[in-house]
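I'd like to ask you about the structure that follows.
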Amino acid sequence: MWAPDIYEGSPTPVTAFLSIAPKISISANMSRVSIVASYGGTLQQIFFFCSIASMILGALAAMAQTKVKRPLAHSSIGHVGYIRTGFSCGTIEGIQSLLIGIFIYASMTIDAFAIVPALRQTRVKYIADLGALAKTNPISAMTFSITMFSYAGIPPLAGFCSKFYLFFAALGCGAYFLAPVGVVTSVIGRWAAGRLP
């Protein structure tokens, strides 16, 4: 629950680093552990539960935010759940989807946090202030919109491909409850991320 406050109060480069680096590090270390040693069904159920909890928390908490950086923080929480879905499967397809998801998430986050400083220069702090951005800076508005639609998982953007691979891997490993929960939270997240563009 500290992430939105840190995202809001930190300088944007620090926020971008805190958004990307820990996820890559944790995913890499957990992937190395899963390749060297296999884990049992109980640990896999714990990973499934953590994935579901992270996806639900990220989607629902983002709905009530009014500032620009705070929905990005909750989206980050939700994306941890999506990425953890690939790891939870414990299969090669799951690890491949995790790597694709991490790469796409990192590129979307770098893009979003490259635009946020430009928004701050135009005195955009709240989501309601984004309405005039298309008139004042149309290129930033278009880039930010495409990035947010990708975060939301709108086809044919990269965020959709990432979630598709992750949910397909979940169905492939028999996690028939995890994939529909991910789809539902992705739809809820579409509403939250869709407010930004």
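Every residue number used here counts from 1 along the chain in the order it is shown.
The backbone N, Cα and C atoms fix where each Cβ goes, glycine too.
Residues or ranges marked as domain 'NADH:quinone oxidoreductase/Mrp antiporter transmembrane' by TrEMBL: 1-189. Positions annotated as transmembrane segment by TrEMBL: 46-64, 98-119, 139-158, 165-188.
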For the transmembrane segment (46-64), find every same-chain residue at least 6 residues outside the stretch whose CB is under 8 Å from a CB in it, and list them.
4, 70-71, 74-82, 84-85, 87-88, 175, 177-178, 181-182, 185-186, 188-189, 191-193
Is the transmembrane segment (98-119) packed against any residues at least 6 beyond its ends, judged by a Cβ distance under 8 Å, and which are they?
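That would be 12-13, 15-16, 19-20, 23-24, 27, 31, 68-69, 72, 76, 79, 82-83, 86-87, 130, 133, 137, 140, 143-144, 147-148, 150-151, 158-159, 161-163, 165-166.
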